[in-house]
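K.L.:
Please find one structure pasted underneath; my questions will follow.
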Amino acid sequence: MMDTKLPRSKLSVYLYIPNIIGYIRILMNCLAFGVCFSNKKLFSILYLISFVCDALDGYFARKLNQVSTFGAVLDMVTDRISTACLLVILSQVYRPGLIFLSLLALDIASHWLQMYSTFLFGRASHKDVKDSTNWLFKAYYGNRIFMAYCCVSCEVLYIILFLVAKNQTNDVIDVLVYTAKQNSLLSLLVALALFGWAIKQAINIIQMKTAADLCVLYDINKKQRP
């Protein structure tokens, strides 16, 4: 029978500074979504603080030499769940809601396949895509600034859409056009966010297809083994 009791050295991983930041992110997200309909501004502040902490946990993991598989999984799961919750909310305040549910499905499918293919081929990180032949995919995971721009653009765009939503019959295109016409600064912000968002969705599609191909390749290689 396997002993499930963890030694102190393993328990200490749970108390790594980056992982503690991860727990704080979860708490912030719970608080944010708890008040999302009663206080939109407070929701946005809490959500964005949680998003900023996403960058901090990675920084401290490298700075303090506290990189861990648990921390990487915690980070990705928190990212996916928080974005998923926000997309579900947007699907309820905009028409057609299927747009946001489709984005949710794409986000989860692409990242899940990427993680699974990573473990199949024994790679240390899902960000290890140096063997990919797609330049955009490699640029995304190879340049932290570029990746940060794409990720921040998605979250900023979704937050803007949530803040400007007035009722449950909003058409998302009409709202974006109306919002962009309000003032030049907001128009520029929406344009920059839309561009980064579009790149991120393209990368999600590339990632899903690339990871699916790796899974198929694994099956083929497995059948060819004696």
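Here the Cβ of each residue, glycine as well, is placed from N, Cα and C on the backbone.
According to TrEMBL:
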type     : residues : note
TRANSMEM : 20-37    : transmembrane segment
TRANSMEM : 81-106   : transmembrane segment
TRANSMEM : 146-165  : transmembrane segment
TRANSMEM : 185-203  : transmembrane segment
K.L.:
Let me spell it out: take the transmembrane segment (185-203), skip the flanking residues so only those 6+ beyond its ends count, and list any with a Cβ under 8 Å from a Cβ in it.
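P.N.:
Contacts with the transmembrane segment (185-203): 103, 106, 136-137, 140, 149-154, 156-157, 160, 176, 179.
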K.L.:
Should anything in the same chain at least six residues away from the transmembrane segment (20-37) have a Cβ under 8 Å from its Cβ atoms, list it; otherwise answer none.
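P.N.:
Contacts of the transmembrane segment (20-37) (Cβ under 8 Å, skipping residues fewer than 6 from its ends): 43, 46-47, 49-50, 53-54, 56-57, 60, 71, 74-75, 78, 81-82, 85, 89, 162.
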